[in-house]
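Peer 1: Reproduced below are the annotations present in TrEMBL:
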REGION    1-54  region 'Disordered'
DOMAIN    34-423  domain 'Catalase core'
COMPBIAS  40-52  compositional bias 'Basic and acidic residues'
BINDING   Arg78, Arg119, Phe168, Arg365, Tyr369, Arg376  heme binding site
Amino acid sequence: MANTSGPGEQTHGGDEKDQDLASARVDPAGSRLTTAQGLRVEHTDDSLRAGERGPTLLEDFHAREKLTHFDHERIPERVVHARGSGAYGYFQPYNDVLAQYTVAEFLRDPARRTPVFVRFSTVAGSRGSADTVRDVRGFATKFYTRQGNYDLVGNNMPVFFIQDGIKFPDFVHAVKPEPDNEMPQAASAHDTFWDFVGMQPESLHMAMWLMSDRALPRSFRMMQGFGVHTFRLVDASGVGTFVKFHWTPRLGTHSLIWDECQRIAGKDPDFLRRDLWNAIASGDYPEWELGVQLVSESDEFAFDFDLLDATKLIPEELVPVQPVGRMVLTRNPQNFFAETEQVAFHTANLVPGIDFTNDPLLQARNFSYLDTQLIRLGGPNFSQLPVNRPIVPVHDNQRDGYAQQCIHLGRAPYHKNSIDAGYPMVSSASEGGYTHYQERVDGHKIRSRSGSFADHHSQATLFWNSMAEWEREHIVAAFHFELGKVDRLEIRERVVAHLDHISRELAERVAPGIGVTVPSGPAPTTHSRTSPALSQEGTVTDIVRGRSVAVLAADGVHGESLRSLTSALSEFGLLVEVLAPHAGPLRAVGGGQASADRAMPTMSSVLYDAVLVADGEESAANLRADGLAVHFVAEAVKHAKAVAAVGAGVEVLRAAPLAGFRFAEPGEDLVSDQGVLTSGSSPDVPPTRFLTAFAGAIAAHRTWTRAVDSIPA
Ligand code: HDD
């Protein structure tokens, strides 16, 4: 039965999880207000009182229930990953290539679509913090499989800050706001974080990722995901194969730039949440390819790093990523709290055919997630919450506890029993029972790190070596910003000394900006290997669908030209919004009507992928006289975006502080200067070449090589 979900109007009833959720949905349509006991309420605006001006009576059970519930509405936020956004969808294997490696049905059967819920998050900030802070992004996927729930709780970076989970509280204490004054919010740019990095050099590789553009995703739809740890696939005969999981976004891996992120944090702190919601609501479903790197057990020691060390990745040039399936997100949640907030992931939620390795970070996680849900979700029954419950029957002999939702029948919730005829019974492996991978373990009981975890620099060097020059510039600028916020000189010096072990060039470029001298003496020995897959340079740059364009216009705009341009851009799959100094109808010349979707003062160039200035002499004159409009285009050029103007609109670019750029003269068809596109054609000539070039520049994401330093925006 179709059912809809508010603004998104997505259809429901499609998959097993959605059908399962149907029993939990409460639709207010046509309903009467009641108390929690179902009693109809006659009046909810005044409390029961003794006389019009008299005291409130204790017997007002409605007011008491309402306030009591309200007093308890907030639950503790997640200790990390507090801010997130989620969506439902499905996963489907492309073929049966994994069938030889694993008994996990959801990975083997190309005919099966497994429902999923995915939650994307930042790590350090509180629930109300901005989306575009510099941070790692969580990428957690719950697969509602027919063998029970499987959770892949990953991040958008393939490595982690620490090697052993016992260090996680230390790490989180360092990155969270400082304890005396609770500053800064959602930022790693402070003394304690960089003190941790300097004192714990295993974090250096991940710190490089954090300083890179990976920490500033343009969209959740445009970032990779990684399971990070080495896991195990296990086949029917119990043979294991090491596996690393990768999610690759169809739209490519694209990032914002730092200056833009900071401005977005003020203009629209919900930028990434809104982007995900709107894309799904408009039917532009985000999609990722699942890939695996497989390593046979006999190759466990074939690498110069340890597969159990989560601060290392397996370079794709050594072990290619094999595509095995795809995930599509098709449905927004209907209630943020019930679904996105209450979803509970756990690395130990496994299905037959997938198992752990002895990675000490993973081992600690397998304790931490269940433990944290107990406090966050108020007791042991959180797995019964609609978003968390599996689509298969649960008979776990677990009983009672806070907020028990089930009415368990039977008299013998224990195994083995004779009173309930032995039910629930256990299952053999062939009946789907989970059997642990049988790994031989023997050794001394010790508290020490394996020597195979000791190299903290080589892969950080690999990362730096693999960056394009524009990526290096962004990394150096990030270090300048972050370390520039560190008060203690000795912490800055210590970090630079570590950077010197990654690359002398890196240390030399970072040091002067933060008042530190480059270490003297010969440069430490490093290597010159690269891994092109680590760079964003080679990502997808030919998909324009799903991007946004601000079209700037004002009274006096050429109506027919505006209409044809916006409709042509919409046909590319772009979200097009006309912005003007005021919202609503615009006075149009040259035929047709015009209207502004939004007033310019409510928006900003940083909220769009591209900007186009419309034709019309009077419109252009109005925009030229408006500092906001001139700033709008200059800022977009500074942020390396696709910026374009047609006809008289070119004059607005000329009025902006964009010295050195060449713009089209009247009559000139198309001038392209570093991704700034102008057309001097008359409005009657459809600027086909111009539009194609503009769409191409938008799909390319940014012109990173554009000279922007001198633009005062
Ligand atoms: Fe974690 C949440 C990912 C290491 C302990 N973690 C959490 C979430 C993600 C990750 C995506 C949010 C899930 C959601 O959306 O609800 N965490 C990772 C990755 C790690 C990692 C990829 C390293 C490879 N985490 C890690 C360690 C520990 C934890 C080493 C503790 C030993 N993580 C937690 C937690 C959280 C959590 C405290 C907070 C909220 C929650 O679990 O449900 O248990």
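Numbering starts at 1 and runs along the chain as displayed.
From the backbone N, Cα and C atoms, a Cβ is placed for every residue, glycine too.
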Peer 1: Per 10 Å Cβ neighbour count, which of the binding-site residues Arg78, Arg119, Arg365, Arg376 ranks highest?
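Peer 2: Compared across Arg78, Arg119, Arg365, Arg376, the most Cβ atoms within 10 Å surround Arg119.
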Peer 1: So how many other Cβ atoms are close to Phe168 (heme binding site), meaning within 10 Å of its Cβ?
Peer 2: 18
Peer 1: Residues sitting near the compositional bias 'Basic and acidic residues' (40-52): Cβ under 8 Å, six or more positions beyond its termini, same chain?
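Peer 2: Counting only partners 6 or more residues beyond its ends, the compositional bias 'Basic and acidic residues' (40-52) has Cβ contacts under 8 Å with 32-34, 59-60, 62-63, 66.
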Peer 1: Indicate whether Arg365 (heme binding site) is helix, strand or coil by DSSP.
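Peer 2: In the DSSP reduction, Arg365 (heme binding site) maps to helix.
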Peer 1: Taking the Cβ of Tyr369 (heme binding site) as reference, which residues of that chain separated by at least 6 in sequence fall under 8 Å from it?
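Peer 2: When sequence neighbours closer than 6 are ignored, Tyr369 (heme binding site) has Val153, Ala344, Phe345, His346, Thr347, Ala348 within Cβ distance under 8 Å.
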Peer 1: Using DSSP reduced to three states, classify Phe168 (heme binding site) as helix, strand or coil.
Peer 2: helix
Peer 1: Over the domain 'Catalase core' (34-423), what is the model's mean pLDDT?
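Peer 2: Within the domain 'Catalase core' (34-423), the model's average pLDDT equals 97.
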Peer 1: Across the compositional bias 'Basic and acidic residues' (40-52), what are the DSSP residue counts per state (helix, strand, coil)?
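Peer 2: In the compositional bias 'Basic and acidic residues' (40-52), the DSSP-based counts are 0 helix, 2 strand, 11 coil.
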